[in-house]
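**Q** Dumping what Swiss-Prot says about this protein:
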type     : residues                          : note
BINDING  : 102, 103, 212, 232, 233, 234, 272 : pyridoxal 5'-phosphate binding site
MOD_RES  : 235                               : N6-(pyridoxal phosphate)lysine
BINDING  : 357                               : [2Fe-2S] cluster binding site
ACT_SITE : 357                               : active site, cysteine persulfide intermediate
């Protein structure tokens, strides 16, 4: 039915928003402000907005209405977008379940799988990492309160998990291993293929939170033996409020839904699918499929430039994470500088001291502490996010302003003065 409706979404009279929002204007910094916080969100690509707007005005039908043209048009558009998203990760379109975002997808994966086991009266054990996103860790803590056993594995000082630790942690009642593709704070890329192979050999489901990985690094769920994968649109230059969970069909992943209702999305996520958001997600995925390699090389070049400028001009600077991590996430510790103070000195630059979900907390980053960083170093860290629309001249501005701010703040630090005078702080006996 859907194949015969492709013509329904051909609308020659639809508005062309690109004439109102050209790409250079959409990403204009206004000459002052610079956005380097792409791990928290990304600007909507103007081509994505072009694709979305007609579905707010002309093609506004409910995609679940099967009795008239408005519904057929919306349904055809949703299914096209489902195919675009599926193509990005190498799966069947029927394996894509649309959600409100990666947080919901993660909740559905963890609670859905463990909930099915508990419903059968069986014990459930989940394995994850100490450095996972807060929505994974909080969901696991919630599951622990409901009888699910959870193992939180440590990582190395580069943020990468030891495969042997995963292997040793798998037990008879282990139902799921949940390990993120790319860490949102330090950009560490986990060995998904090796983990997936291990899980397949041991008969355990493998879930990955790929919100920071999809569209940025190559991910193929079949090659990597991934059974469940969470993603969202607003991390790949699409709209906020829409995400997806890939759920393998063969062999079938058994799970219970979080939301009951009309039985949409294979009964796993009831509720009317927001066709404008889904269309935007699909277009963003299509662009990533075509331009991922170019984006990666652009980001890699700017990342190298930023790191080199810091290393050349700031004494003792520490780049956190793995050298083989995603280059667009540059987490830097500036010893003897308070991270929050540095952010205040760089108020015209959008940066973060950690995940957007935890950056309001004054606690040092739990991710950096898991890497073995002490509280002082963790407090001195800033994340620089480089994306598709970041320009080389912006990197120059950011690097120069950061160097200047670090030098000013260090001049006010008595500890830094002591270090410059050759005093070994570790040998000082501090009194309270």
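Every residue, even glycine, has its Cβ placed from backbone N, Cα and C.
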**Q** Taking the Cα atoms as reference points, how far is residue 272 (pyridoxal 5'-phosphate binding site) from the residue listed as 'N6-(pyridoxal phosphate)lysine' in Å?
**A** 23
**Q** In Å, rounded, how far does the Cα of residue 212 (pyridoxal 5'-phosphate binding site) sit from the Cα of residue 235 (N6-(pyridoxal phosphate)lysine)?
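**A** Here the two Cα atoms lie 7 Å apart.
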**Q** Helix, strand or coil: which one is residue 103 (pyridoxal 5'-phosphate binding site) in, per DSSP?
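**A** Going by the DSSP assignment, residue 103 (pyridoxal 5'-phosphate binding site) falls within a helical segment, counted as helix.
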**Q** Taking every protein chain in this structure into account, which of the binding-site residues 103, 212, 272 has the most other Cβ atoms within 10 Å of its Cβ?
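**A** Result for the most crowded candidate: 212.
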**Q** Give me the long-range Cβ neighbours of residue 235 (N6-(pyridoxal phosphate)lysine): same chain, 6+ apart, Cβ under 8 Å, in sequence order.
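**A** Within the chain, residue 235 (N6-(pyridoxal phosphate)lysine) has Cβ neighbours under 8 Å at 38, 39, 41, 42, 102, 211, 212, 214, 215.
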**Q** Check the binding-site residues 102, 232 for other C-beta atoms within 10 angstroms of each C-beta and report the one with the most.
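**A** For the binding-site residues 102, 232, the Cβ with the most other Cβ atoms within 10 Å is 232.
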**Q** Listed pyridoxal 5'-phosphate-binding residues 102, 103, 212, 232, 233, 234, 272 - what's their greatest C-alpha to C-alpha distance in Å?
**A** 26
**Q** For residue 233 (pyridoxal 5'-phosphate binding site), just count the other CB atoms lying within 10 A of its CB, please.
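**A** Residue 233 (pyridoxal 5'-phosphate binding site): 32 neighbouring Cβ atoms within 10 Å.
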